[in-house]
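Here is what TrEMBL says about this protein:
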ACT_SITE  61  active site, nucleophile
BINDING   345, 491, 550, 553  [4Fe-4S] cluster binding site
BINDING   392, 454, 455  Mg(2+) binding site
């Protein structure tokens, strides 16, 4: 993926990366193509003073939970399961991580360990030994809604009148300001600017219906969801239960898996075998009838096989699932407002999710492959080879090659020991980072007309140096094809997308951009093409509000209305 750059900018949230060197704040350049007919997104108080973060297009975080079933102490090493689950979600957050566990005995104390950095550096042997428990939740984080400091590490733990409560959150509350005022008005103090702490404190408030026999946690969660309809996936842990919660629009992903006994069959068998695998919601039925040793809940299913778990299904939009030693059950479903459709973030398919994750009954890889096929139909080009910017554009490049009949060949070699380019603090260092991150396979490049596939362009700072690298290696032509539509609008639902002025698609049309970055041509996939590609292999039909996708960053059509209407 082409990543953004630049020092922090006070015209937008401190959480969102600032200007590139060629950005014009007033967008008055001759090549500007901003659509001034669209309502401008004004940034309200929510996004000021939230801590300086110099990252660009990132998602906020990943959440994970695990609980042993049957007799406790469980035979499942819950802390290890959560740690491995977070490693599988490391692509969703690389700044901090935390795990909180409970032995299910005391309502007053949890075992907790949190820290800054990568998961494998935070959770050493000493830390893991302290995380005893029969259930637990974990979190890995990018700081789009608060500063990158240890005080903001999740899961958050608070001590209520009814015992300890831990919360891990993926997403961003669109009406954070009004909810914060309400909580502060109840006399509740807040120690951070994090949405997640706000959620934790809001859960401590009694629901309007009142409570007669102790805390009614499903009612409290329901109350929170009605106060804040977007955007979150939550794992909430009490002494002996975990609640898995997804917002009514289904904007952020969340799925369930079973931890199967070690003797269960995991492999796919041929149809003639007595252990034949039957596909159910995108997963094999092998072992599904076995009594589970535990349950897991995760932002993505990609880590399930590595922890001995089997994907079961997604948490439905608005669903509240209770996980206990007895198993799982749906305790409530909060409906969306009338006439509103599901709005699952379509950029999970484009870039954010790992390719082996399952959404809506299909593997992400297959959707990206179909994006490449659609791109080849919409924007063909006469060339010798198709290639990709690894690894984000590889699946789409294979789809483009299959559809066009042009052979796929690698042209870039990636140095896996260099960090993501959007972590770099300046445009110049980021551009130098491209040279450190990639090398050109000159024997494959020399004299070739190349179609180079990437998944998206944000500011346009990275693709130019890659093209120059290929030119220097002897490429005859370089045609850029982007397997998603142009990014034109910011997102405030857990994805850190810059302001409209910083997005290169608002400053240059494809012809001007190709000239700017040194490509022979440049074309994007259309919005209709992306939606069609995502729907192609879906097991559900996008009708009656099911299977809808949020395309706000592409079209400006926000699921909860324009940001001003939603108290952004």
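These residue numbers are counts, starting from 1, taken along the chain as shown.
Each Cβ is built from the backbone N, Cα and C atoms, and glycine gets one as well.
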Residue 550 ([4Fe-4S] cluster binding site) to residue 455 (Mg(2+) binding site) - Cα separation in whole Å: 17
Other C-beta atoms that fall within 10 angstroms of the C-beta of residue 61 (active site, nucleophile): 28
Nearest of the recorded positions (61, 454, 455) to residue 491 ([4Fe-4S] cluster binding site) - Cα to Cα: 61
Cβ neighbour count within 10 Å of residue 454 (Mg(2+) binding site): 24
Number of Cβ atoms other than its own within 10 Å, given for residue 455 (Mg(2+) binding site): 27
Rounded distance in angstrom between the Cα atoms of residue 392 (Mg(2+) binding site) and residue 345 ([4Fe-4S] cluster binding site): 17
Among 345, 392, 491, 550, 553, the one of these binding-site residues whose Cβ has the fewest neighbouring Cβ atoms within 10 Å: 392
Residues within 8 Å of the 345, 491, 550, 553 Cβ centre (excluding the [4Fe-4S] cluster site residues themselves): 251, 346, 347, 493, 495, 497, 551, 552, 554
